[in-house]
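Q: Below are the features I grabbed from TrEMBL:
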| type | residues | note |
| --- | --- | --- |
| ACT_SITE | A:Asp66 | active site, nucleophile |
| BINDING | A:Tyr127 | substrate binding site |
| DOMAIN | A:22-120 | domain 'Pseudouridine synthase I TruA alpha/beta' |
| DOMAIN | A:160-262 | domain 'Pseudouridine synthase I TruA alpha/beta' |
| REGION | A:238-257 | region 'Disordered' |
Number of protein chains: 2
Amino acid sequence: MTAPTDAVETSPDIQRWAVLLEYDGGAFVGWQRQANGVSIQSLLEDAASRLSGGRDVASVTAGRTDAGVHASGQVAHLDFPGSLQLNPRAVRDGLSFHLKPHPVAVLDAAPVSLDWNARFSALNRRYRYRILNRSTRPALDAGQVWHVKFPLDADAMRRAAQTLLGRHDFSTFRASSCQAKSPLRTLDRLDVRRDGEMILFEVEARSFLHHQVRNLVGTLQMVGCGRWPEERVRQALDARDRSKGGPTAPPDGLALTGVGYEPDPFAVAGANIRSKTLDAS
Amino acid sequence: MTAPTDAVETSPDIQRWAVLLEYDGGAFVGWQRQANGVSIQSLLEDAASRLSGGRDVASVTAGRTDAGVHASGQVAHLDFPGSLQLNPRAVRDGLSFHLKPHPVAVLDAAPVSLDWNARFSALNRRYRYRILNRSTRPALDAGQVWHVKFPLDADAMRRAAQTLLGRHDFSTFRASSCQAKSPLRTLDRLDVRRDGEMILFEVEARSFLHHQVRNLVGTLQMVGCGRWPEERVRQALDARDRSKGGPTAPPDGLALTGVGYEPDPFAVAGANIRSKTLDAS
């Protein structure tokens with residue numbers, strides 16, 4: 001998808017920009033460019049290409065979200081031609097304009113050095129999952145939640161979730177399609193709480209295996225509905241066997257809410273800073 | 001639209017049901033049946049007719065929301081044939097089924113007496129209005145918020161809002177199309193607060209004039225962006241002249257969140273009660 005990292009880092013003809021993205025994943029085949037439908041990557045790269053007078057622009061993202069998965073805080077970087085006159089506001093508004101009418105918007109943009117990488121510089125990823133737990137199907141939140149009809153015990157799910165925190169072999173919660181070299185991951189946060197009819201999961205780790213969050217939620221839901229005792233979640237983890245885990249929760253309820261960097265490129269030089277327009281260096 | 005109240009109240013052939021509704025108003029011409037598009041009323045009455053084996057069923061609603069206005073707690077009543085065997089769960093799930101695939105869902109249903117009226121028995125209506133206050137257009141909340149790009153001072157809006165509480169002649173905030181006999185209304189609540197990029201209005205009154213909430217929000221937004229001093233809001237109210245008010249805020253940000261009754265028909269005998277299924281009396 002992108003030029004080899006070595007080539008990019010040494011080229012004087014490239015300027016790299018970090019962008020903060022929001023999107024409704026329901027309309028797309030996922031982040032990654034595919035032959036069979038519209039991807040967020042293809043829309044973003046096409047918008048960046050328009051901003052560059054038709055030249056190809058490659059992107060790298062912090063998290064390649066699946067079809068149907070949303071984002072309120074996705075981060076990507078784009079390599080623009082070095083000769084282009086850009087500033088944070090122009091990148092943010094220009095990309096958002098060219099992304100119309102698709103439900104993808106650029107919230108912020110900041111110039112970064114060529115050794116900064118949206119994927120490899122990320123210190124953590126944060127996801128939110130929402131279950132709408134009531135009898136009636138969603139009307140206002142359709143496509144944004146997993147609708148579970150039978151009553152769920154959020155307290156039991158929260159307790160079971162705590163046994164998964166820390167560094168483990170997460171093979172039980174890993175999709176067969178996962179391409180990661182190791183199933184070891186460190187789960188830093190897995191909060192579960194009820195807010196009226198909604199059950200909210202807040203999940204954080206340096207990185208995740210493919211489908212890990214959805215498999216965790218699908219497994220905890222087995223506890224919530226009473227089909228699994230709480231301790232079976234930890235037993236499933238220890239089994240290191242996908243067949244011992246619960247089902248994969250649907251993508252609708254999932255959103256990438258944030259990616260952590262140190263320092264945060266947007267806090268330093270983003271378009272949202274209400275000061276003089278910054279020029280790309 | 002409905003039979004005269006007298007006739008309904010004395011007929012032994014009718015059973016009246018209260019229903020609690022959620023809908024995404026973006027797809028509709030509004031609550032009220034119209035020649036030029038799909039209304040929520042027509043969908044609901046058609047669904048009720050299907051549940052009644054093809055017989056006409058009339059509805060009365062607590063609030064006839066405009067095109068684009070949403071609801072998370074709308075209430076209506078439906079007059080079904082008296083001979084029909086109904087229970088709360090069957091009404092809720094049957095209507096929700098026949099309302100597919102439209103973004104309208106029945107959250108609860110309860111049998112009510114023939115002198116109970118969704119409109120006239122209502123003690124108050126509660127609305128929520130949401131402004132997304134940031135540079136970039138919404139992707140995830142498209143159609144559910146008013147997007148205002150320039151920074152708004154929520155504290156100034158909140159202070160100005162408090163001068164509107166209580167019983168007043170609200171002619172300044174009344175649409176020319178309003179059919180109410182009197183412009184006098186009692187505003188019981190008009191809270192304004194910021195939650196990140198979102199500015200939330202919570203509004204409550206026994207009843208509202210046509211466009212009253214949207215005209216109040218549009219006027220307060222003039223204070224928020226600094227074009228109006230705070231005291232001009234009260235001066236506009238005192239002028240009793242629509243031309244002295246601010247613009248009408250778009251419908252997208254508005255949702256009817258609840259209607260108050262004493263007693264609450266759904267608390268008494270709604271489908272959400274986890275007990276034996278109740279039969280309509």
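Note: Cβ is positioned from N, Cα and C throughout, glycine not excepted.
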Q: When you measure from the Cβ of A:Asp66 (active site, nucleophile), which residues in the chain that are at least 6 apart have a Cβ under 8 Å away?
A: A:Gly25, A:Gly30, A:Trp31, A:His211, A:Pro251
Q: With an 8 Å cut-off on Cβ-Cβ distance and a minimum sequence separation of at least 6, pull the same-chain contacts of A:Tyr127 (substrate binding site), or say none.
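A: Sequence-distant Cβ neighbours: A:Phe201, A:Glu202, A:Val203, A:Glu204, A:Phe208, A:Val213, A:Leu254, A:Ala255, A:Leu256, A:Thr257.
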Q: What is the three-state DSSP composition of the domain 'Pseudouridine synthase I TruA alpha/beta' (A:160-262), stated as helix, strand and coil residue counts?
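A: Counting residues per DSSP class in the domain 'Pseudouridine synthase I TruA alpha/beta' (A:160-262), I get 34 helix, 31 strand, 38 coil.
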Q: Take the domain 'Pseudouridine synthase I TruA alpha/beta' (A:22-120) and count its residues per DSSP category (helix H/G/I, strand E/B, coil), listing them in that order.
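A: Breakdown, helix to coil: 26 helix, 28 strand, 45 coil.
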